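> As annotated in TrEMBL:
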COMPBIAS  274-283  compositional bias 'Basic residues'
COMPBIAS  288-297  compositional bias 'Polar residues'
DOMAIN    216-288  domain 'J'
REGION    272-297  region 'Disordered'
TRANSMEM  21-39  transmembrane segment
TRANSMEM  51-70  transmembrane segment
TRANSMEM  100-116  transmembrane segment
TRANSMEM  128-152  transmembrane segment
Amino acid sequence: MQEVVRRMHQNKKPPFSMNRFTGMLMVGYSWGQMMMLAVPPDEFWGLNLRYLNYLIPFVSALGVWTVGNIGREQGTFKWPLIAAYAAYPIRFYVYDETVWFTLMVLASALAFDTYSKEWRRTPQNRNLIKRIAILGLCAALYVSLWCSYLYFHGTITDSEGDEVPIYEALHHFFTSPWWLDVKQCLLDTYQYAQHHGWYEVWKQIIDLSDPHGEQNAYKVLGVGPDATQQEITSTWRRLSRENHPDKVKDDMQRRAAQERFMEIQQAYEILSNSKHRRNRRNKKDNSEPTANVQREM
């Protein structure tokens, strides 16, 4: 603090700093470039959004001003903004983007360093909620610019090597049969939940996810959920004899036979361990039609 006070007494305004000046150029240039890339090149919903290019000087000056207000130095936004808009018409005479962009950001940084920069003599506001709100807003703007750039300028490559703009791909995606099927599935799930409740939907999801592995075990053994334990045992013995690795002489085929044999044993073990739960479920399923008939009578 003593060093800061000494520098404030020696210099009416903060002295020139190459590090800070370079930072203003880099941030102002990158933010301006991001704004320029986020502008749609064509009409969008019948609107010509190319006029948003006039926000490029504003965003570049904002980057210069942000770096200029770090730490013990501060400055107003007016002068870098005026300088950026004053230098912006150079783009209509110099078609090299790098040249006119650099000149615009350089003019904004020089204007801030010459006319706006001053010492920060009062402590910054350390309100945590305000800082989080500002940071969240800045992050949202930053992400929105990237999303706009990817949407209007990005491309994806299909299986044949052709490039398709992302906005066209998204438009066709929402009319694709796959999305329409998914959309209908979601709609059916919502309607089912309205009649039976979300808890029943959750139970259906758990059952379909096959947490006990029973559905896969039925598929491996080739039996149905209503099969008795005797039928499952009989099928397991038959498949075990047919797929026993000792019957295969070729090494490659023997390895595949071993995997198939182990899969059969695991499926039988799963269904044997769950036979009591399966019996209860089958009894419940068999009793429901009887109860329905009695209710109708």
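Cβ coordinates are placed from backbone N, Cα and C, and glycine is handled just like the others.
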> Count up the helix, strand and coil residues in the domain 'J' (216-288) according to DSSP, in that order.
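Reading the DSSP string over the domain 'J' (216-288) gives 60 helix, 0 strand, 13 coil.
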> Look over the recorded stretches 21-39, 51-70, 128-152 and say which has the most C-beta pairs under 8 A to the transmembrane segment (100-116).
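Counting Cβ pairs under 8 Å, the winner is 21-39.
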> Sort out the residues at least 6 away from either end of the transmembrane segment (128-152), same chain, that have Cβ-Cβ distances under 8 Å to it, and list them.
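Sequence-remote neighbours of the transmembrane segment (128-152) are 34-35, 37-42, 44, 165-167, 170.
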> Near the transmembrane segment (51-70), which residues from the same chain, at least 6 beyond its ends, have a CB less than 8 A from one of its CBs?
20, 23-25, 27-32, 34-36, 38-39, 77, 80-81, 83-85, 87-88, 104-105, 108-109, 112-113, 116-117, 120
> Please give the average pLDDT for the domain 'J' (216-288) in this predicted model.
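PLDDT averaged over the stretch: 81.
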